[in-house]
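Here the structure is laid out as structure tokens; the discussion comes afterwards.
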């Protein structure tokens, strides 16, 4: 075994529209560049938090802006003013058909999603009548609220009071392959919410739905707030992923945040939950202090997507990026001689775009560590190149089927 791997997934941090973006209604999307330009125009100031241009010195030093320029061709920054990147840098193109969390993560771990997910139409009462009636029956519910495409925070404010009064959970979806259930932790019960999500998971399988998501909230009308007790019930990957092969090989696979949920808890040896990007970074640092040789520490930083991308909060996204960037030196000092850190994303979610959905984009691929020299790895034709490179570095005995190593 040689060294350890740490993967940091900046959920939704795309760096330029993919060639097929127009098929998804996402032509021109660019999460990073549009945030960068909004900051440059002075549109992302937050009193007491951030002001002026986007400042990401650590990510820039690892090649983020070089990768973004290669991805989109947009001259948003003068590369001549930047130092030569200190690690591997490039961008990757998604082969999976979706632009969702499971597709991006599974492909990254060696399993592109080549089948079509099921989706619910964007219309009132969007769920099949058979599905809802069976859900109500099996869960012994008085009914449901919502039944439409919606932003989770908006529908929570819209229907939260009625939910508490009637005991009916709020069910909704989006452009992703999801069946989401929101309920008040005290009035409805957190465990009860989890229980009905498990029932829903079985019911939506026939519709090829990727995830059932529990969306608990607390508070009173006018001040409802989501809690950190979200739980994703994902359909399992169709093939063994990098995580499965590592676990079978006797390695430690430490899943932080929602990683275990994304892989349906397969291939994971340890699960660590944390709420919020900074708590997730703290958990990552703690794991890296004790992770043995040959192990994988895998963290998803969900706030970029759920708190800022979907909510089209450009300033909040910029601030979150700067907070993340500032923590990277804390991770670097914990690295052992043969360790590698991979920074990537799973899709885009351009906060300057209309609507509230993900955007079809390239993702950054940045790799650094004590023994990693500067190298432009160019365009990677599949997210699975990340998994294949990790498999090579960790000397995994079972090679992945997809992807080409760039090490």
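Here the Cβ of each residue, glycine as well, is placed from N, Cα and C on the backbone.
Lifted from Swiss-Prot, the feature list:
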type    : residues      : note
BINDING : 11, 346, 347  : Mn(2+) 1 binding site
BINDING : 305, 310, 358 : Mn(2+) 2 binding site
### Task
For the recorded Mn(2+) 2 site, enumerate neighbouring residues of the same chain (Cβ within 8 Å of the Cβ centroid of 305, 310, 358, site residues themselves excluded), in sequence order.
11, 12, 306, 309, 347, 349, 356, 357
### Task
Between the Cα atoms of residue 310 (Mn(2+) 2 binding site) and residue 346 (Mn(2+) 1 binding site), find the distance and write it as a whole number of Å.
14
### Query
Roughly how many angstrom lie between the C-alpha atoms of residue 346 (Mn(2+) 1 binding site) and residue 305 (Mn(2+) 2 binding site)?
10
### Message
Validating a neighbour-count step here. Other CB atoms within 10 A of the CB of residue 347 (Mn(2+) 1 binding site): how many?
### Response
30
### Cα distance (Å, whole number) from residue 305 (Mn(2+) 2 binding site) to residue 347 (Mn(2+) 1 binding site)
9
#### Entry: residue 305 (Mn(2+) 2 binding site) in three-state DSSP notation
helix
## Note on the structure
Min neighbour Cβ count (10 Å) across binding-site residues 305, 346 flags 305
### binding-site residues compared (310, 358) - the one with the fewest other Cβ atoms within 10 Å
310
